[in-house]
């Protein structure tokens, strides 16, 4: 009988990527088949996030539910991974003895061995080490699911912002070799992927080894990815302002595949708060980066992260943030009330901002950015937008839906053969969470760039053993 696997994922796109790799890995090694129903699973995995407050409480609440399933089925294996697992380690098992496997973001590739250990010895296993970039050497070949795909290019962060747990839970920055990344993307392109999103905690710090022992910069990697035929849209998430260098901005000038949309976290518009956060840049320096970007790509839209109510934030500090929001005219944002993370320097700072004040400031900020997003959407009416068709519309199965470069969902009338391809549409109406378009031209009528076929990239970056058999090692 087929064994079933259920994965619950919380957190960032890196976690989503990791969960997809876990599913592929366990399907290839143990034959596990994914299920959305925890009750029918033989293996339950929780991929956790520790960015927000009460992350641990959420974990133990869900584990309490899974414990009941294990009481009914003693053979059920429960595993916890991700950043909470990395933070808590053995203490997690002390609070939740029902957990059999505890693994970190850098040890998910060892899941098959850990599961074998549990099955063979009936004893738990904990591995939350940081074995460099080893996990990518032991994951199965990528499997496309639709026209878009995430590809991890690096792990960890060296910035040690005072509010952030990432350096402690995912380790310091480690870049994948550039050939490994290109090989994975070429394989995805050969399966029909048209858009890739390059992932990392700080992608613009990427410095990957090349086959000849040189170093590939992030700007060089962007151009190499964009040159793969079929990959006609490139995104990346997420960046840090202090390493958003001019060579990256130059890619926006000469590489049309790189989208006119950038998520560049700033966190605050107050230099005093930025210093307390150890962000290593000022609001003015952030604005200078955006000014250069708009010179290189006038139609680029910017999104950001904001933390409201950081310890000691005054009304003046908040007003400086709101001024930055207006000056940059952000399209969207991920904004949250500050929550102290255990073990971070900011957790020890005196917090004299009331919860009511924090909530009010967050509401004001989110309302303003929502207004700006609607203004941008309304200005798109009458323009022609290139849309990657992702499938049928959720509003009407007789229509299609896709996304613009600035992540707007567009619904329009079209035929099923357009799914997975690009179309140009004229925007004719704006709604709260989507746009309405009229089809103007299909991909056959476009002049998309061609440079190097996926097969050529695969051949160029392929690794082989001593008898000439290809070994996939991204």
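Cβ from N, Cα, C; glycine included.
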> To which of 12, 157 does Swiss-Prot also attribute binding of [4Fe-4S] cluster 1 at the site defined by 49, 83?
Replying inline: 12
> Restricting the comparison to the binding-site residues 157, 161, 164, which residue's C-alpha is spatially nearest the C-alpha of residue 49 ([4Fe-4S] cluster 1 binding site)?
Replying inline: 164
> Per DSSP, residue 164 ([4Fe-4S] cluster 2 binding site) is which: helix, strand or coil?
Replying inline: coil
>> I'd like the number of other C-beta atoms within 10 A of the C-beta of residue 164 ([4Fe-4S] cluster 2 binding site), please.
In response: 22
>> Over the span of the domain 'MTTase N-terminal' (3-120), how high is the average pLDDT in this prediction?
In response: 89
